[in-house]
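**Q** The structure that follows is given in the form of structure tokens.
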Amino acid sequence: MGAASGRRGPGLLLPLLLLLPPQPALALDPGLQPGNFSADEAGAQLFAQSYNSSAEQVLFQSVAASWAHDTNITAENARRQEEAALLSQEFAEAWGQKAKELYEPVWQNFTDPQLRRIIGAVRTLGSANLPLAKRQQYNALLSNMSRIYSTAKVCLPNKTATCWSLDPDLTNILASSRSYAMLLFAWEGWHNAAGIPLKPLYEDFTALSNEAYKQDGFTDTGAYWRSWYNSPTFEDDLEHLYQQLEPLYLNLHAFVRRALHRRYGDRYINLRGPIPAHLLGDMWAQSWENIYDMVVPFPDKPNLDVTSTMLQQGWNATHMFRVAEEFFTSLELSPMPPEFWEGSMLEKPADGREVVCHASAWDFYNRKDFRIKQCTRVTMDQLSTVHHEMGHIQYYLQYKDLPVSLRGGANPGFHEAIGDVLALSVSTPAHLHKIGLLDNVTNDTESDINYLLKMALEKIAFLPFGYLVDQWRWGVFSGRTPNSRYNFDWWYLRTKYQGICPPVTRNETHFDAGAKFHVPNVTPYIRYFVSFVLQFQFHEALCKEAGYEGPLHQCDIYQSTKAGAKLRKVLQAGSSRPWQEVLKDMVGLDALDAQPLLKYFQPVTQWLQEQNQQNGEVLGWPEYQWHPPLPDNYPEGIDLVTDEAEASKFVEEYDRTSQVVWNEYAEANWNYNTNITTETSKILLQKNMQIANHTLKYGTQARRFDVNQLQNTTIKRIIKKVQDLERAALPAQELEEYNKILLDMETTYSVATVCHTNGSCLQLEPDLTNVMATSRKYEDLLWAWEGWRDKAGRAILQFYPKYVELINQAARLNGYVDAGDSWRSMYETPSLEQDLERLFQELQPLYLNLHAYVRRALHRHYGAQHINLEGPIPAHLLGNMWAQTWSNIYDLVVPFPSAPSMDTTEAMLKQGWTPRRMFKEADDFFTSLGLLPVPPEFWNKSMLEKPTDGREVVCHASAWDFYNGKDFRIKQCTTVNLEDLVVAHHEMGHIQYFMQYKDLPVALREGANPGFHEAIGDVLALSVSTPKHLHSLNLLSSEGGSDEHDINFLMKMALDKIAFIPFSYLVDQWRWRVFDGSITKENYNQEWWSLRLKYQGLCPPVPRTQGDFDPGAKFHIPSSVPYIRYFVSFIIQFQFHEALCQAAGHTGPLHKCDIYQSKEAGQRLATAMKLGFSRPWPEAMQLITGQPNMSASAMLSYFKPLLDWLRTENELHGEKLGWPQYNWTPNSARSEGPLPDSGRVSFLGLDLDAQQARVGQWLLLFLGIALLVATLGLSQRLFSIRHRSLHRHSHGPQFDSEVELRHS
């Protein structure tokens, strides 16, 4: 909004001067000095005539100097401008003092009203009242404030070469960016760069300005500014107008706030609070039309922002002004004179000159030279600005023959309103159609609402800002707002009236009012509020004069010469008459009136009220103290992309290319895993690099996006996932090294064998696994256990420290603290570690009772030499290489041996079951639930048995997705037994998950969290393993049903499920601590066994040393597969089972439920699986279980009968729960003290030197005391659990064998 350069005042005659040394006083030309006049009205007439001819000369020089400076800010131009300013002040002082000297007693009694107005203006000296030194100081302050504002720049963080000026750079950012952080940076940068340096200058300016105007008889500068409106009730009248208009603003504010909430979300928009000031499309949130695209009521209607059409048609700045001129001439108003086109600056110069870009219209006071200075951009809102500025020029042209003192608007608001009146016609769809910017005009209700809302974003949004700026300045001038409260009061008013808040913390070092042009340039602002009311009064009157009938907002006065004639009369009057008279002649009323404005916006007012009521909007901002948080990674992340269309295009391309790359990688990986050779290893490494390059390429591109600003949740989720480059973040050399280490570790593990002295060698699968499962000979088990760790674990130790270094480096490059932090992030749960600990504590009593019972059974079999009833259990005696599941020693611990056997292996072998038959049965279970059958490719391409052709393969069971929507496979060295039947269902669960989400984008083809993927197959296995289901498969002779049969069944399940809980918990407890550095490589093995003792109550059967690496003997460690997923899976599978049993209509104990053939259960499961990773896992949990949290209650319910029985048995035998003799080992039973010829001691199963052992003893003493306290607490807990369990009904089981998931 340009200030009209026609009124004598500091903001008009004294704009920009550089801060230079004070200029010497210049003598006024004698011909410009006042002569001698009589002190009566006749003399005053001659005085006024003489003043007018002299003033034209002085004002021309002053304006010309200011123009030269504003269009080329240099020191020389500043010096010349200051000279001109001082001369104009000297001229004002000479003539003003003469006017006071001659006419002070009598001028108000003159009969000629125009003469009174002229003398009144001349006698007001303003800054010319000041003595020379202060006058020079005053001029310097004005010039420096203007210079600071006009040359302020905002530079990118750490990039001083990339800096933005306000216009057009920052203005464009505020208008077009939808990035919260970018908008914030531009907003904060401008307010700091322009505002902060101005504060001390503004304090000094205020003091000098008040001093000057007090000498003219005003109480302060604000009183002088208000005097132009010649109304004693002016302030009250404005307040009354504002109150009339406020309801419309409140409804607009609430509607826009809701739209911004849709875009920026809860974090940045409070639906009961103020709106952050940088989000409304404008640096000062004074007009909101630039966010019209975000708030448009009916987006399917024709677009009323014709900017794109203007650009397509090749509009330029000159054409925009020609179009505006043609509107004025169509009303038979004056065309622009030649000087206008020759002298104006209509675009920002391309030659590098510093200019004042703020749009303004200039009167050079010679009655022929009128210019506009505007850095015009080809946009629709700038087209309105063009008409606004040309309105000033038209005013100048119409009153140019009046005396200089009367060349002004009837009041300042009149001058601002004229161009805007025409812009109200220009912006109508009908007029835009006439000038070729709209293809057609639709006047239906929806199009009307679109148009009126667009106008409201410009006109209604501005009202509180137009009102408050001078409320603040009047407070400053009067002293009500001292300099210690400049910023506080500014934001108090902006929140009170506009309902906006600063987006970052502001304090009194800031001077945010100074970041608005009119404050440092000393241009009064209330004129704009007045003009926004007046222009609608004018519009209504001119439409009536033009003969228009219909809705006011559709009126276009284009080509109405009658309207032009009526307007001309107003313009030609200048300020020669009281504005009230001029207004009455124009509209028939002598006061400002909000009714035409309210009438214009009535349709959209009603629509907004209805919308806000429907949405339950709160009008106003009751939570007025709310402020938004700073964005993450601010300000470094400000240049991130937030455009939804660009993000969508990126996601489509990523998905298309990923399907190809991931398919090729999966094929190469499959070929390696099913045929380990140098050639397949080489190809896999190549594909590894290919997929790393793909990940790096698209991950790097994804990091250009600010996911926090994207609104499409699917696109947001995909891009956030793709931004994590994982290992591909590593530099090429380190990535190659990392891939080779992983391959070396995995190959070492997969080809390791343990050999007898006779030369025969055993592999892990199936040989050593069978030994651990079936042998009951202590030494044979020890040989297999120790041999596997010597071959697999020790060999992997050499690679592991470098692996840790590189995986941590990759995690840090992806923004994580370490690799553990990265792995935990997959659960999107900040409290994950605390939640897991809570779940473990809930289940620990069940594990301790099972541990004590099994230890007693092992004591019966192996004797006191090998089993201590108060100590940990040797790790090799539990039927499994890692003692993670104990079901293989069921025969040693079976509660009721005489009850019918539940081992179906013999029946399966007798009936000729094959691995393929086992998977067919699993497929049949899924299809019985209405779920998908596996496709033909599955049967043709899977490896369901260990090859007999001598190939080396990775036997560890795994499920594979080949990313083409039809190829899904399982790799498993299946043995015909019940355990592998359960594993087959587990693996088929992965395949079913793959099939259910196959149509999602590649990045979302995962489980809701990693535990979900592991749980699905196990949920079905919980049904498959029931005696009822095994009987239906003809694998058991009866369904059982007796209490003894139930306890046997639950014991078998507990040996799988409960025994696994502490192991699945501790593996990643160990790795997370390795990754965070709290476990060093020197202590890898010692800390591994500390955790296995603490959580599992196990000890190594032979001493271990630092040279051993027993974690490496577990597949998931060398293969870098996170393990906590299995702990999560074992918890949630029972929650799923309980919920699906309810859906299936099951009644009775949860452990007897079989959901086979329940379509209802299948539907519930399918709905959750189809989500893949597209939603946070609690939503998938809600779909299955009806609530969003992980809970151990279903698992406890499932095993409650067993817990009751175990507790009774353990009490009967006086079992000690836990392992109070925690430092016992089988080796220590044979020999305590130094090992032969070594100088070392066996301690906690570890081979340590004496000093290490002494430190360990002190640590264990502390642990012992802690364990005693824990045991006492546990007793109380068991009592309370037993007490509570009497009042609970049963929940459900789950069944799982952990496997590697190869799908990602």
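Placement of Cβ uses the backbone N, Cα and C atoms for every residue, glycine included.
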**Q** Which one, Glu952, Glu1014, is listed by Swiss-Prot in the same Zn(2+) 2 site as His986, His990?
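**A** Same Zn(2+) 2 site in Swiss-Prot: Glu1014.
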**Q** According to Swiss-Prot, one residue among Asn521, Asn693 carries the annotation N-linked glycosylation site; which one is it?
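**A** That would be Asn693, per the N-linked glycosylation site annotation in Swiss-Prot.
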**Q** Test of record reading: of Asn72, Asn1223, which one does Swiss-Prot tag as N-linked glycosylation site?
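**A** The candidate carrying the N-linked glycosylation site note in Swiss-Prot is Asn72.
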**Q** Roughly how many angstrom lie between the C-alpha atoms of Asn1189 (N-linked glycosylation site) and Asn316 (N-linked glycosylation site)?
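**A** Pair distance, Cα basis, whole Å: 60 Å.
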**Q** Say we define neighbours as other CB atoms within 10 Å of the CB. Which of the glycosylation sites Asn440, Asn675 has the fewest?
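**A** Among the glycosylation sites Asn440, Asn675, the lowest count of other Cβ atoms within 10 Å belongs to Asn440.
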**Q** Have a look at the binding-site residues Tyr229, His986, His990, Glu1014 and say which one has the shortest Cα distance to Asn109 (N-linked glycosylation site).
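**A** Given the candidates Tyr229, His986, His990, Glu1014, the nearest one is Tyr229.
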**Q** Same-chain residues six or more away whose CB lies under 8 A from the CB of Asn52 (N-linked glycosylation site)?
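**A** The answer is Pro403, Val404, Ser405.
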**Q** Around Glu1014 (Zn(2+) 2 binding site), how many other C-beta atoms are within 10 angstroms of its C-beta?
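**A** A count of 28.
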**Q** Measure from the CA atom of Asn940 (N-linked glycosylation site) to the CA atom of Glu1014 (Zn(2+) 2 binding site) and give the result in Å, rounded to a whole number.
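**A** Roughly 24 Å, rounded to the nearest whole number.
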**Q** Note down the number of other Cβ atoms within 10 Å of the Cβ of Arg527 (chloride 1 binding site), including every protein chain shown.
**A** 27
**Q** Can you grab the distance from His518 (active site, proton donor 1) over to Asn316 (N-linked glycosylation site)? Cα atoms, rounded to a whole Å.
**A** 27
**Q** Sort the binding-site residues Tyr229, Arg527, His990 by C-alpha distance from Asn316 (N-linked glycosylation site) and give me just the closest.
**A** Arg527
